[in-house]
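Notes to accompany the following structure.
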Amino acid sequence: MADKKKITASLIYAVSVAAIGSLQFGYNTGVINAPEKIIQAFYNRTLSQRSGETISPELLTSLWSLSVAIFSVGGMIGSFSVSLFFNRFGRRNSMLLVNVLAFAGGALMALSKIAKAVEMLIIGRFIIGLFCGLCTGFVPMYISEVSPTSLRGAFGTLNQLGIVVGILVAQIFGLEGIMGTEALWPLLLGFTIVPAVLQCVALLFCPESPRFLLINKMEEEKAQTVLQKLRGTQDVSQDISEMKEESAKMSQEKKATVLELFRSPNYRQPIIISITLQLSQQLSGINAVFYYSTGIFERAGITQPVYATIGAGVVNTVFTVVSLFLVERAGRRTLHLVGLGGMAVCAAVMTIALALKEKWIRYISIVATFGFVALFEIGPGPIPWFIVAELFSQGPRPAAMAVAGCSNWTSNFLVGMLFPYAEKLCGPYVFLIFLVFLLIFFIFTYFKVPETKGRTFEDISRGFEEQVETSSPSSPPIEKNPMVEMNSIEPDKEVA
């Protein structure tokens, strides 16, 4: 089988370098939590010296909330701007260019203490948010386009692995014994410059996406050379043939704008699936679990809950690796269903444990917490990011990634803003809200989400088109082909 290529050093190198962008996203998501009190003291001291008056607790809380939330605002804008870069500059060059934002944001945050400027830190967080928003679109798309069909899901999971490793590194670096101190917190925030430098240098030796070269730039010879290097074989005729077929189809289609994704019947179902899967990630309650984890561990008698939280981060990382090996065996749809269903059970257990407050059940709540995190990384964590790239052909893919990424960042922002109020109103029963969401997303996934394992981009797109033709009253009914049956739990056989 032509798709059963060996895993080459060039392929591993390309996807690993791209995943540094995901690591940046994870690091900058988690880095702000540990030094919260130290940075608030910096805000208080700096603004008091500047105004000559004591800063009110309300203003301090508002400034801190802004510092946290502005990252997501930047992410929303950045993720929605993905399509402006990818077709103009290419996949690799886009990742290279946006590291300028990482340098600027990291420098502003690192120098904010010396400059005694609270504004620098907040603006730096916004710029880093822009950068991370762009990365959440660039990385999964690049990885999906350089990977062979049979390994696309496994390598796509590296995007989520980069995110969770970044969060774990931020948690560890944020410990008081490392960089979570009054003297070193600017370095903790500015450390994001280091992986940016590494990625800039490494990207110079990465190939451009062969799909971009052939389909967008019409440079078949370059695409063939890149494919031969990535696949470790001279015979890449099947890949070239599949790309040419997709290119021919793309030339007959209207330009895929964001509005066209919702107007066109062929794109409407995949974009709704893409948005819903992104919402299933953010509305699953994973952020609430991390919010509650310290309290859960404290009630269980753990004297250093911060280390238990890091333990949850380790579980996060380990089960992302597990997902990497499972996704090409079990399939995307199955793992997403297992993750959502298992998380719903864990959410119910955590609700009971938090409500009863019995000593014996505290330890069950810890198991449920770790189980919730593990199941998140089996399905809802990694799959929504890379399945979007699989559901669309080359033309609409950048616009689809922009819409999906923006919906993820927007829901992340809303959960962050609204969760404290929901927690105050519902107390330990707040997880029931997420339980309802998990069940809704489980039902949606079961009935609407296709299995994409082992299928080419063109085959998946054709499946949606045939569904539209089947459901259209003006079109005669067509016989469903197992290769394009969109709601089948069983994955299709790999393309020979």
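Yeah, the Cβs are placed from backbone N, Cα and C, and that goes for glycine too.
Listed in Swiss-Prot:
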type	residues	note
BINDING	GLN160, GLN281, GLN282, ASN287, ASN316, GLU377, TRP385	D-glucose binding site
CARBOHYD	ASN44	N-linked glycosylation site
REGION	464-496	region 'Disordered'
TOPO_DOM	1-11	topological domain 'Cytoplasmic'
TOPO_DOM	87-91	topological domain 'Cytoplasmic'
TOPO_DOM	144-154	topological domain 'Cytoplasmic'
TOPO_DOM	206-270	topological domain 'Cytoplasmic'
TOPO_DOM	327-332	topological domain 'Cytoplasmic'
TOPO_DOM	389-398	topological domain 'Cytoplasmic'
TOPO_DOM	450-496	topological domain 'Cytoplasmic'
TRANSMEM	12-33	transmembrane segment
TRANSMEM	66-86	transmembrane segment
TRANSMEM	92-112	transmembrane segment
TRANSMEM	120-143	transmembrane segment
TRANSMEM	155-175	transmembrane segment
TRANSMEM	185-205	transmembrane segment
TRANSMEM	271-291	transmembrane segment
TRANSMEM	306-326	transmembrane segment
TRANSMEM	333-353	transmembrane segment
TRANSMEM	363-388	transmembrane segment
TRANSMEM	399-419	transmembrane segment
TRANSMEM	429-449	transmembrane segment
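Features per Swiss-Prot, on structure.
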residue : record                      : contacts (Cβ under 8 Å, 6+ apart)
ASN44   : N-linked glycosylation site : ILE55, LEU60
GLN160  : D-glucose binding site      : SER22, THR320, SER323, GLU377, GLY381, PRO382, TRP385
GLN281  : D-glucose binding site      : PRO380, GLY381, PRO384, ASN408
GLN282  : D-glucose binding site      : ASN408, SER411, ASN412, VAL415
ASN287  : D-glucose binding site      : ASN412, VAL415, GLY416, PHE419
ASN316  : D-glucose binding site      : VAL164, ILE167, LEU168, VAL373, PHE376, GLU377, GLY381
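Each of 120-143, 185-205, 271-291, 363-388, 399-419 was scored by its Cβ pairs under 8 Å to the transmembrane segment (333-353), and the highest score goes to 363-388. Across 92-112, 120-143, 271-291, 306-326, 429-449, stretch 92-112 shows the highest tally of CB pairs under 8 A with the transmembrane segment (185-205). Secondary structure of the topological domain 'Cytoplasmic' (87-91) per DSSP (helix as H, G, I; strand as E, B; remaining residues coil): 4 helix, 0 strand, 1 coil.
In summary, the transmembrane segment (12-33) does not lie against the transmembrane segment (306-326): fewer than three C-beta pairs, each 6 or more positions apart in sequence, are under 8 Å.
For the recorded site, ASN287 (D-glucose binding site), the DSSP three-state label reads helix. In terms of DSSP secondary structure, the topological domain 'Cytoplasmic' (144-154) contains 9 helix, 0 strand, 2 coil. Site extent for D-glucose: among the recorded binding residues GLN160, GLN281, GLN282, ASN287, ASN316, GLU377, TRP385, the largest C-alpha separation is 17 Å. Most Cβ pairs under 8 A with the transmembrane segment (363-388) among the ranges 120-143, 306-326, 399-419, 429-449 are made by 306-326. Segment contact is absent for the transmembrane segment (399-419) and the transmembrane segment (155-175), given fewer than three CB pairs below 8 angstroms at sequence separation of 6 or more. Long-range contacts of the transmembrane segment (306-326) within the same chain, counting only residues at least 6 positions beyond its ends with a Cβ under 8 Å from a Cβ of the stretch, are 154, 157-158, 160-161, 164-165, 167-168, 171-172, 175, 290, 293-294, 297, 335, 366, 369-370, 373-379, 381-382.
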